[in-house]
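Copied over from Swiss-Prot:
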- 13, 61, 91, 152, 248, 249, 250: GTP binding site (BINDING)
- 20, 24, 27: [4Fe-4S] cluster 1 binding site (BINDING)
- 26, 65, 115: S-adenosyl-L-methionine binding site (BINDING)
- 243, 246, 260: [4Fe-4S] cluster 2 binding site (BINDING)
- 4-230: domain 'Radical SAM core' (DOMAIN)
């Protein structure tokens with residue numbers, strides 16, 4: 001199904017918890033700032049995910065909070081699995097990944113994205129408050145060992161860690177990971193000092209690239225191949241191109257369909273009708289009809 005701007009729906013991002021075992025100073029809680037204790041069960045998540053396939057969803061991304069904190073995360077993956085869903089991935093901070101990687105693979109997970117903003121233990125602890133970067137590195141290596149691949153490393157580019165980017169690039173090249181360089185979105189006034197313009201970096205990478213590929217169903221995002229390393233740039237802010245080609249809807253941990261990453265005022269409650277035994281399709285249609293580009297072409 002297409003929204004009224006002609007954008008097809010191809011993926012669903014499911015937040016399965018609002019809890020996290022780190023306290024990163026920049027965290028925006030998936031754009032849904034709620035302390036609701038209403039959680040979806042694995043079965044409910046499975047029903048919602050499978051309903052989404054009727055509207056064109058073929059890819060599911062599991063996120064949080066930190067999704068690996070849910071002890072039933074493997075059961076959730078098993079409930080999501082469906083022949084119509086071609087790819088199930090999960091975004092994690094990696095702290096718990098080493099011990100869970102094999103179980104996640106056995107449950108049906110295809111691949112993981114791991115957040116890694118620095119390899120420097122002191123800076124990592126400063127960013128996350130009390131995280132151990134060695135656990136993340138070990139988790140990444142274990143995930144690759146059990147074929148949760150292609151593995152992507154998410155690097156959030158900020159003024160305090162941009163100097164570490166070359167080391168992150170070398171690390172990703174050595175282990176065969178894809179690197180995503182993500183633009184920092186300073187949603188609070190006190191965070192604006194951490195903003196870093198990644199446009200010059202993208203231009204530099206583009207000049208060095210051996211090959212450039214356009215991902216047509218991922219906001220027309222460019223993928224650069226540099227000395228064997230795949231690099232992508234994610235720039236949602238003030239980016240009409242990002243919005244124009246967006247094919248994703250979101251499901252919050254407490255059961256609301258979210259038409260837009262950057263809006264929290266047009267959610268559609270899907271968990272309440274599910275628990276009443278209602279058909280969920282009208283709620284998906286309502287969500288899709290509420291979709292519009294946050295940043296429009298000027």
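Quick reminder: no glycine exception, Cβ is built from N, Cα and C everywhere.
Take the binding-site residues 20, 27, 260: by the count of other Cβ atoms within 10 Å of each Cβ, the lowest one is 27. Secondary structure at residue 115 (S-adenosyl-L-methionine binding site), taken from DSSP and collapsed to helix, strand or coil, is strand.
Residue 249 (GTP binding site) is 12 Å away from residue 243 ([4Fe-4S] cluster 2 binding site) when you measure Cα to Cα. Residue 20 ([4Fe-4S] cluster 1 binding site) sits 17 Å from residue 61 (GTP binding site), taking the C-alpha atoms as the reference points.
Scoring each of the binding-site residues (24, 249) by how many neighbouring Cβ atoms lie within 10 Å, the top position goes to 249. The binding-site residues recorded for this entry are 24, 26, 27, 65, and the Cα of 65 lies nearest to that of residue 13 (GTP binding site).
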